[in-house]
Amino acid sequence: MAFQKVVKGTILMGGGALATVLGLSQFAHYRRKQVSLAYVEAATCFSEPVNREPPSREAQLMTLQNTSEFDILVIGGGATGCGCALDAVTRGLKTALVERNDFASGTSSRSTKLIHGGVRYLQKAITNLDVEQYRMVKEALHERANLLEIAPHLSAPLPIMLPLYKWWQLPYYWVGIKMYDLVAGSHCLKSSYVLSKSRALEHFPMLQKDKLVGAIVYYDGQHNDARMNLAIALTAARYGAATANYMEVVSLLKKTDPETGKERVSGARCKDVLTGHEFNVRAKCVINATGPFTDSVRKMDDNDVVPICQPSAGVHIVMPGYYSPENMGLLDPATSDGRVIFFLPWEKMTIAGTTDSPTDVTHHPIPSEDDINFILNEVRNYLSCDVEVRRGDVLAAWSGIRPLVTDPKSANTQSISRNHVVEVSDSGLITIAGGKWTTYRSMAEDTVNKAVKLHNLNAGPSRTVGLFLQGGKDWSPTLYIRLVQDYGLESEVAQHLAKTYGDKAFDVAKMASVTGKRWPVVGVRLVSEFPYIEAEVKYGIKEYACTAVDMISRRTRLAFLNVQAAEEALPKIVELMGRELNWSELRKQEELETATRFLYYEMGYKSRTEQLTDSTEISLLPPDIDRYKKRFHMFDEDEKGFITIVDVQRVLESINVQMDEDTLHEILCEVDLNKNGQVELHEFLQLMSAVHTGRVSGSRLAILMKTAEENLDRRVPIPVDRSCGGL
């Protein structure tokens with residue numbers, strides 16, 4: 001053991017010395033660049049956008065169809081694809097982008113929500129003396145600073161705690177984290193620091209206390225990934241790019257080069273998924289930025305091409321916010337099987353993940369129960385035994401497919417690259433693959449540089465460093481106060497709008513419906529527990545939302561926060577969208593069914609029915625069954641064998657509890673398995689059994705019944721002498 005520590009110490013010091021030398025050697029170079037990414041003056045940008053608002057989808061389709069030839073056509077509407085479109089259009093190139101599904105519908109909306117340089121990559125760079133890993137971390141840290149600056153409403157620094165349970169880990173990880181700060185240089189968000197055991201438990205009281213020796217806190221960035229992706233797409237559209245979601249590339253167009261006699265890619269045959277209409281989009285250069293689907297587009301160009309994408313599934317789960325501090329995350333650097341697990345606060349909930357396992361490429365990745373349970377077990381290992389971590393506490397879960405790649409130029413074709421690869425085919429198709437969210441901008445710059453050089457396009461240098469994304473330019477931390485004062489919004493709703501839409505929050509507020517209450521004046525919520533309002537559905541359509549799934553998962557983030565709340569909001573969302581888009585009753589029903597399937601399969605939603613009926617037996621002891629029957633019969637006064645909303649209202653009125661009818665309907669619907677408007681005794685017992693075993697985290701009806709029982713039991717008869725003699 002002592003020998004291992006000495007070896008580790010030697011490697012650490014040697015690697016640290018190397019990284020220090022490399023960092024110092026690069027310092028002068030970055031000083032000469034005269035661009036500080038952390039403090040860019042984006043207000044002095046080269047020009048204002050062409051459009052104050054993004055053109056409608058219909059207008060974009062007309063531009064795609066009627067333009068004789070674009071300079072660049074980008075296939076793929078994820079972060080990298082939209083980044084390429086923004087980079088190209090701001091250089092003065094005539095740019096188009098098509099996406100088969102919605103913007104950020106794939107990997108870009110299913111991330112860990114971190115903007116990070118990669119602490120674990122730096123660890124590998126030091127221990128393996130890997131210069132490539134070091135450069136990748138350095139680039140990511142500079143891009144992190146830029147992203148935090150250009151979209152301040154969607155991103156923010158986040159302190160992350162690294163709890164330590166062995167004394168030798170303290171100096172080991174402290175040096176490593178300090179190297180992380182050093183590599184960031186002037187773009188370091190805040191300096192890392194050490195916490196004692198007591199201070200660590202103050203910040204994170206649920207931590208496993210036994211053998212805890214202390215903790216190290218470092219800083220990375222966090223963002224709303226789908227909204228960030230959308231902001232990039234909308235910014236590109238405002239600068240003049242013809243961007244369209246739900247446009248599938250059916251085939252690539254080719255023409256013969258008169259000079260070489262070779263076939264060259266010259267555009268794509270595109271199909272509007274919503275209408276079935278097809279037309280050609282011609283371009284001098286076509287960029288393949290399709291993430292996990294990289295090889296499918298490459299095979300359109302050349303069916304014999306060797307695949308380069310090595311897809312890997314990363315599963316995340318969302319748990320209630322009380323599982324983590326409001327403004328501090330946690331990193332487990334070495335799980336039971338050697339992976340890294342993050343435990344992060346996000347949108348007042350807690351994200352835990354991720355896994356890393358080989359997978360097949362699919363449009364509809366499903367989080368497996370094994371991966372969900374793996375994450376739950378790792379969470380249990382790090383939290384105090386006082387905290388019961390239950391499967392029923394998983395409010396949402398998703399799987400994202402990482403597009404890891406092998407470099408086709410590398411002699412070792414089996415080596416997986418965590419960096420990005422820009423490949424050019426014989427026909428001129430440019431493919432950008434790999435990389436990560438944080439470095440989308442530099443990946444896009446490299447790709448467009450390659451396109452300009454290869455196709456001799458007339459373009460200036462990249463201008464996306466410091467270029468504010470939609471909503472970021474006039475945002476300030478106090479913007480929400482004006483929303484409260486000027487429009488009469490709830491403070492929570494106003495804060496949500498400000499950090500979601502930035503300076504465009506005023507446009508959303510103008511669409512907000514009057515509540516009919518004294519306060520708030522405007523802003524009718526979609527569901528009571530979350531600050532999303534009806535006006536966001538109307539505004540989401542202006543942001544190219546075409547389906548109910550777009551709205552619950554990427555315009556709002558309800559599906560990623562609580563699938564049950566998303567399901568509750570669906571009928572209202574479909575009705576609002578139907579009114580704006582003139583949907584027929586049949587289309588509304590189709591949207592409702594499609595969105596429900598999406599929640600059920602892709603967002604880890606075991607429906608309430610399935611949760612309650614996993615076992616045909618009710619696993620309760622006889623005394624418990626008797627107690628729950630007593631509660632049930634207290635509501636079922638007429639001994640009908642079921643309870644209705646009228647029964648619940650009657651009991652609540654008797655104990656002076658006021659609750660509106662809509663909320664009561666929601667509460668009963670949670671338990672009404674056969675959806676007949678009645679909660680029967682066996683349904684209630686199944687619910688209580690599921691709560692008891694932890695398959696569901698709780699029930700509003702169960703809590704309501706318990707409260708009523710306790711209040712009624714506390715009542716005592718009024719003595720005769722206090723009741724005027726009983727007259």
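Any Cβ shown, glycine's included, is placed from N, Cα and C.
The FAD binding site annotation in Swiss-Prot covers 71-99, and the record cites sequence analysis as its basis. For ASP672, ASN674, ASN676, GLN678, GLU683, the entry in Swiss-Prot reads Ca(2+) binding site. The domain 'EF-hand 1' feature in Swiss-Prot is assigned to 623-658; the stated evidence is sequence analysis. Residues or ranges marked as domain 'EF-hand 2' by Swiss-Prot on the basis of sequence analysis: 659-694. Per Swiss-Prot, phosphotyrosine is recorded for TYR601. Swiss-Prot lists 1-42 with the feature transit peptide.
Structure with Swiss-Prot features highlighted.
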residue	record	Cβ contacts under 8 Å, 6 or more apart
ASP71	FAD binding site	ALA88, LEU93, LYS94, THR95, ALA283, LYS284, CYS285, HIS455, LEU457, ALA459
ILE75	FAD binding site	GLY81, LEU97, VAL98, VAL249, ALA268, VAL286, ILE287, ASN288, ALA289, THR290, VAL297
ALA79	FAD binding site	ALA104, SER108, ASP225, MET228, ASN229, ILE232, TRP437, TYR440
GLY83	FAD binding site	ILE232, TYR440, ARG441, MET443, ALA444, THR464
ASP87	FAD binding site	ARG441, ALA444, GLU445, THR447, VAL448, SER462, ARG463, THR464
ARG91	FAD binding site	VAL448, VAL452, ALA459, GLY460, PRO461, SER462, ARG463
TYR601	phosphotyrosine	HIS364, ILE366
GLN678 (Ca(2+) binding site) to GLU99 (FAD binding site) - Cα separation in whole Å: 45
GLU99 (FAD binding site) and GLU683 (Ca(2+) binding site), distance between Cα atoms, whole Å: 45
Around the Cβ of GLU99 (FAD binding site), the count of other Cβ atoms that are within 10 Å: 28
Fewest-neighbour residue among binding-site residues, criterion Cβ within 10 Å, set THR95, GLN678: GLN678
Residues of the domain 'EF-hand 1' (623-658) by DSSP state, where helix covers H, G and I: 23 helix, 2 strand, 11 coil
Per-region confidence, the domain 'EF-hand 2' (659-694) (mean pLDDT, whole number): 67
